[in-house]
Every structure is written in C-alpha cells, then in structure tokens.
Amino acid sequence: MAPLPPRGLVPSLLWCLSLFLSLPGPVWLQPSPPPHPSPRAEPHPCHTCRALVDNFNKGLERTIRDNFGGGNTAWEEEKLSKYKDSETRLVEVLEGVCSRSDFECHRLLELSEELVENWWFHRQQEAPDLFQWLCSDSLKLCCPSGTFGPSCLPCPGGTERPCGGYGQCEGEGTRGGSGHCDCQAGYGGEACGQCGLGYFEAERNSSHLVCSACFGPCARCTGPEESHCLQCKKGWALHHLKCVDIDECGTEQATCGADQFCVNTEGSYECRDCAKACLGCMGAGPGRCKKCSRGYQQVGSKCLDVDECETVVCPGENEKCENTEGGYRCVCAEGYRQEDGICVKEQVPESAGFFAEMTEDEMVVLQQMFFGVIICALATLAAKGDLVFTAIFIGAVAAMTGYWLSERSDRVLEGFIKGR
C-alpha cells in the first residue's frame with residue numbers, strides 16, 4: 001500500500017519532491033519518442049533525372065561566377081579556355097549536384113557518372129542539351145515534351161499543345177503514364193477540345209476555346225439563360241425549354257427503408273428516419289405514423305406514449321415505477337437502494353461526536369490542558385477556604401469527566417497514562 005502524504009503544506013511539498021526525485025533517471029529524464037514519419041512516395045526516375053540536370057546547369061553557372069568576373073580580361077579568357085571543359089570543373093560541379101539526403105539523386109548519379117563524363121569530354125558540341133541526351137536518349141527515363149509512355153507517343157492534341165492547352169496529359173515527359181487528358185473545369189473530350197457537361201461554347205476559333213457555365217440544372221445548353229437549356233441534369237426534367245425538379249418521392253426512384261420517409265430535394269431526394277412512436281410513417285412526427293410502435297397508442301391522429309405506471313408493473317418490494325418514452329423502468333423507492341437485485345433500506349450514518357475527528361496527539365494535549373485547569377481551580381478554591389464551592393466544583397468536574405470518559409474512555413485513559 002502506498003504511503004500517505006503528511007499533513008501540512010510544507011511537509012506535503014517536501015514529500016512530493018522526494019517522491020519525484022526517487023524515480024529512476026530514465027523515467028523522468030528520457031524525452032518522448034519522436035512521431036513516426038509518414039511514408040514518402042518516391043519520385044518518378046524522370047523527375048529525379050531532370051532535377052539532377054537542373055542542378056548540374058546551376059553548378060556550371062556557379063563555377064564560372066566564382067572563378068571569373070572582373071579583372072584582366074585577356075588573362076581570364078586564357079584561363080577560362082583551359083578551365084571551361086576541364087576535369088577540375090566537372091568534379092566541382094558534380095560535388096554539388098545532389099544534396100546529402102537525396103538518396104535517389106545519389107543512386108542515379110552513380111549509375112550515370114560515366115555517361116556524364118562522356119558527354120562532358122566528347123558530346124557537348126553535338127548534343128548541347130544534357131537533359132535530352134542523358135535522360136531521354138541515353139537512360140531512356142524521360143520523353144520529349146508533349147509525349148508519354150515507353151515509346152514516347154504524342155499526347156492527345158499533339159506535341160505542340162497537349163490536351164489542347166486546357167488539361168494535363170498524364171505521364172507527359174516521362175516513360176510512364178496513360179496519356180489520358182485531365183481537363184480543366186468546363187472542358188471535356190479526349191483532347192479537352194470540347195465543352196464539358198453543364199458548359200457551352202462562348203467563343204471558339206482555330207486556336208482558342210472559351211467554355212462558360214449553363215444555367216444551374218442544365219446539362220447542355222446554347223447560352224447562359226434558363227430558356228437556353230437543351231438537356232437537364234439528373235433529377236431534373238425539361239418542360240417548355242426549362243428544367244424543373246423531379247419529385248422522386250412520388251415515383252419508384254425513391255428507395256427508402258421501412259422505418260423511413262422520403263423528402264424531395266432539388267435534383268434528388270433524402271430518406272429520413274420516422275419518429276420513435278411510429279412503425280412506418282408517411283412524414284415527420286408522431287402524427288404521420290402508419291402504425292404505432294410498442295409502448296405507444298393511437299390517440300386521435302397521433303401515436304402517444306402509454307403510461308405503464310398507471311397499472312401495477314413493478315411487483316418487487318419497495319420498488320416504484322418510472323415511465324419512460326415508449327416504456328418504463330422499476331427503481332427503488334426513496335430511502336432504499338439496489339443490492340443483489342432487491343431494494344434494501346439505506347443505513348443512515350451516525351453523526352460523529354465532538355472528539356471524533358481529533359487525533360491521538362490532539363487528545364493528549366487537550367487532556368493535559370483540561371486537568372491543568374481543574375488542578376488550578378481546586379487549588380484556588382481551597383486556598384480561599386470555600387469548602388461549599390470547592391465541593392460543588394469537584395462534583396461538576398467529576399460528572400463532566402465521567403461523560404467524557406464514557407465517549408472516549410480507551411483513548412483518553414491511554415493518553416492520560418502516556419501524558420503522565
């Protein structure tokens with residue numbers, strides 16, 4: 001059993017501090033573990049190769065800027081001609097191509113380092129675009145702009161304007177992807193060259209297409225007005241060149257459960273739960289029930305709760321009935337409590353005496369003070385020679401002492417003995 005803290009503010013604080021410091025070091029000094037990082041998707045190899053080439057080109061600019069720029073022009077030109085295509089410059093550039101934590105870049109650089117050296121010393125003149133030569137032609141990780149897939153096929157809409165300029169060709173520039181066009185809002189078709197559902201052609205020429213939104217519920221239209229509708233969206237019907245809402249609740253389209261009712265909404269419908277009082281319903285509330293649930297009864301046009309407590313439904317001794325919505329429950333009557341399935345009378349705790357909350361030490365101090373006062377009073381009365389008042393006082397003290405000892409006899413006697 002854990003030790004109880006001492007009484008008093010200062011002793012309690014010292015006790016808590018000693019308990020805290022008694023804990024083993026790893027328990028209260030060890031920091032909480034860091035959260036597990038979420039898994040990171042690996043980039044496409046083409047994207048890694050493009051980043052490598054971009055950093056390579058930045059390195060070329062950096063090495064020229066750091067080594068030359070300002071001074072003797074003739075001397076710089078002579079030195080630059082030697083440094084420009086030197087192995088020293090290549091090493092300096094390659095050292096800064098990949099960041100320390102970019103493992104994909106380091107792996108790709110290790111695989112392609114000989115190709116980069118070959119391009120640096122022998123192929124720069126015939127293939128000045130390192131990205132095209134390395135990533136597309138040599139490693140075959142990428143495709144030219146506007147193409148996709150293992151064979152670098154043209155994206156829908158052509159390589160000049162993939163997806164008509166109104167969408168994104170999936171896998172463009174890589175050896176992967178499907179080439180499917182993900183069109184912008186309002187555009188559709190295989191190459192995003194048409195207006196999508198709910199839009200109409202506001203402007204079109206050989207290189208330009210503007211799609212604007214139709215009136216709310218229109219699926220196809222010739223203009224922005226309500227009367228321009230040609231076809232309506234699902235949940236609407238064309239009536240006199242206008243789209244009107246279909247009330248699905250009056251058709252077989254609505255499929256609600258047995259204890260639900262249908263509510264029509266714009267272009268659709270909702271199924272909502274019947275009231276608790278209903279066993280099937282035609283709408284909200286206890287007045288729209290088809291039948292009443294158990295615990296309810298028909299009163300006029302509504303299903304209302306039955307008060308089961310009007311009849312004797314709680315046979316147990318000292319039980320009483322409490323009505324609930326659609327039912328009832330049996331609980332113990334006031335002054336009783338549940339115990340092992342039956343209601344038993346609650347025991348009222350006896351009121352504590354005057355000395356009930358006092359500790360042993362406090363009793364000893366009080367006892368010593370009490371008897372000290374008695375001895376002092378007796379000595380004073382005896383010194384005055386007043387035998388009558390002395391006798392009365394001794395009798396009163398004896399009566400009080402007898403009552404006190406009857407309440408706390410064991411503890412007082414023990415304290416008295418210890419006090420002596």
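A Cβ is built for glycine as well, from the same backbone N, Cα and C atoms used for every other residue.
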- So which range, 26-29, 278-281, 342-345, gets flagged motif 'CXXC' in Swiss-Prot? 278-281
- Message: Going by the disulfide annotation in Swiss-Prot, which one of Cys309, Cys314 is bonded to Cys330?
- Response: Cys314
- Task: Just choose from Cys183, Cys195 the cysteine that Swiss-Prot connects to Cys192 via a disulfide.
- Result: Cys183
- Item | Partner cysteine of Cys309 (disulphide bond, per Swiss-Prot) from Cys303, Cys321 | Cys321
- Disulphide bridge to Cys163 as given by Swiss-Prot, partner from Cys143, Cys181: Cys181
- Note on the structure: In Swiss-Prot, of the candidate ranges 46-49, 102-105, 234-237, the one given as motif 'CXXC' runs 46-49
- Can you tell me how the residues of the domain 'EGF-like 1' (153-193) break down into helix, strand and coil by DSSP? 4 helix, 11 strand, 26 coil
- Within 10 Å of Cys192 (disulfide bond) (Cα basis), scanning recorded positions Cys163, Cys181, Asn205, Cys321, Cys330, I find Cys163, Cys181
- Message: At 10 angstroms around each C-beta, which of the disulfide-bonded residues Cys49, Cys163, Cys309 has the fewest other C-beta atoms nearby?
- Response: Cys309
- Message: Within a 10 Å radius around the Cβ, which one of these disulfide-bonded residues has the most neighbouring Cβ atoms: Cys46, Cys155, Cys314, Cys332, Cys343?
- Response: Cys155
- Item | Set of same-chain residues at least 6 away whose C-beta sits under 8 angstroms from Cys169 (disulfide bond) | Gly146, Phe148, Cys155, Pro156, Gly157, Pro162, Cys163, Gly177, Gly179, His180, Cys181
- Message: Please list, in sequence order, the residues in the chain of Cys330 (disulfide bond) that are at least six apart in sequence and whose C-beta is under 8 Å away from its C-beta.
- Response: Val313, Cys314, Gly316, Glu319, Lys320, Cys321, Glu322
- Task: Return the residues near Asn205 (N-linked glycosylation site), defined as same-chain residues 6+ apart in sequence whose C-beta is under 8 angstroms from its C-beta, sorted by sequence, else 'none'.
- Result: none
